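As annotated by TrEMBL, transmembrane segment applies to 20-37, 49-70, 90-115, 136-157, 169-190, 211-232, 259-278, 332-350, 362-379, 385-404.
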Amino acid sequence: MRDRAGGYTGYWWEDPARLVLMFILPLYGLLSLDLLGEQKSIARIYFDGYYAFVGALFLMVLMAAAWLATAEACTRRGPPTAAVELSPRVLDLVFALALFGYVLLLSGILSHPALLVAFVRGEANAYDMLELKGRITGLSTFTQATAPFVVLYFYVFRTPLKGLNRYKIYFAVLAVLTLLRSFIFAERLALIEMAMPLALMVVRFRLGGRYSRLLSVGPYAAIPLLFGLFIANEYNRSWEAYYVNIYDNLFDFALERLGLYYSTALNNGAGIVSVLGWNQGHPMFTFDWLLHFPVIGATLQPWLDSGDSINLFLNGYADPEFNNPSGIFVHFYEWGWFGLLDAITLGWVVGRSYAGWRTGNGFWCCVHAVLFVSVMEIMRTPNLFSGRNFVPVMLLIVVFRWFAREAICAASETRVTEIDPVLSR
């Protein structure tokens with residue numbers, strides 16, 4: 001999708017401002033009406049008309065900030081930015097980091113293969129597997145290098161590579177590991193964090209306007225895919241273990257539970273502010289990335305962490321099983337009305353990244369595909385400032401700061417790599 005000048009415009013949903021206006025706000029409205037009506041699946045309702053207004057205001061501020069950031073970047077005067085190229089060897093580095101993270105994450109499972117076999121046979125569930133999940137602060141989070149690998153793969157190889165090569169093998173290995181992580185530990189978000197950037201990069205650099213009618217529907221067309229993913233994830237996690245005796249069929253179970261994940265997140269967010277207090281929390285969500293930093297995180301925890309208060313709320317006033325706090329109300333819990341500054345920050349970042357996305361060049365182009373997940377999941381989880389985003393963003397900064405070169409300088413090496421056999425080096 002290009003304008004008359006040949007510049008990339010894309011589809012409406014690639015623009016965060018229009019995504020919020022035409023997709024997230026309508027869904028927020030439907031969920032709000034459901035919570036304000038006769039909601040029978042949630043024991044305590046904290047979400048009322050006031051919180052519906054506060055949440056809508058947060059989303060509208062985010063939308064306005066994103067639009068202004070994109071407009072400012074696109075109308076800025078000056079010479080065009082030089083095309084930036086990367087050596088394919090950066091993919092070797094990023095893959096190594098992601099693989100290192102997965103080895104740590106799956107170390108407990110690998111040392112107990114019998115439990116993995118039991119899980120495949122349906123004799124063990126995700127809760128049994130979670131007990132063996134490897135968690136080393138600041139190291140196991142290198143699994144988050146998967147998303148940067150995806151976007152950098154398409155950025156480095158803007159035209160499809162012919163034949164098999166090691167980079168395609170890297171891609172397949174990370175895809176399999178992400179699927180394992182998603183199903184073994186019931187981490188749907190891990191799969192979304194890989195699949196969504198993949199979809200964006202394919203649309204941006206591969207399709208060239210094909211399937212435009214389907215893609216114009218955008219995220220609405222992806223809802224059935226999300227539904228299928230939810231069924232696949234929850235089958236071993238909770239359906240066979242418990243809910244098979246409560247619901248008539250798997251479809252009804254998945255439909256109700258998927259809706260509850262989003263409606264309870266909004267209700268939990270409103271409840272946190274209502275019960276724990278407006279502007280009463282430590283900034284654990286804003287500085288989540290710092291809390292998960294090795295050594296430093298443990299030192300700063302007394303000043304930044306409100307986890308005990310959140311857990312107290314979930315255990316005493318809500319449902320610990322549905323523990324997402326939404327990515328909207330937690331900012332008011334931490335900062336009061338100044339939480340709107342977080343909306344402005346998020347809006348500016350994704351608006352600026354969309355401007356880079358349209359040029360198809362440099363750091364901002366790649367980081368847009370990574371941060372897109374934070375916007376899509378904002379009603380359910382506060383992802384922008386989380387440790388899950390810190391590794392991808394910092395890794396992309398390092399790559400483009402120290403490994404980027406102008407297109408002319410990198411062209412010859414790229415041509416050589418494109419005909420590189422699988423294990424040539």
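Glycine is no exception: its Cβ is also placed from the backbone N, Cα and C atoms.
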Going through 20-37, 90-115, 211-232, 259-278, 385-404 one by one, which has the most CB pairs that fall under 8 Å from the transmembrane segment (362-379)? 385-404
Do at least three C-beta pairs under 8 angstroms join the transmembrane segment (332-350) to the transmembrane segment (211-232), pairs 6 or more apart in sequence? no
Contacting positions for the transmembrane segment (259-278) when only residues 6+ beyond its ends and CB under 8 Å are counted: 27-28, 31-32, 34-35, 39, 41-42, 44-48, 51, 55, 306, 309-310, 313-314, 317-319, 322-326, 328-330, 332-333, 336, 379-381
Which stretch, 20-37, 49-70, 136-157, 169-190, 211-232, tops the Cβ pairs under 8 Å count with the transmembrane segment (90-115)? 136-157
Comparing 20-37, 49-70, 136-157, 385-404 for Cβ pairs under 8 Å with the transmembrane segment (211-232), the winner is 20-37
Among the recorded stretches 49-70, 136-157, 385-404, which has the greatest number of Cβ pairs closer than 8 Å to the transmembrane segment (20-37)? 49-70
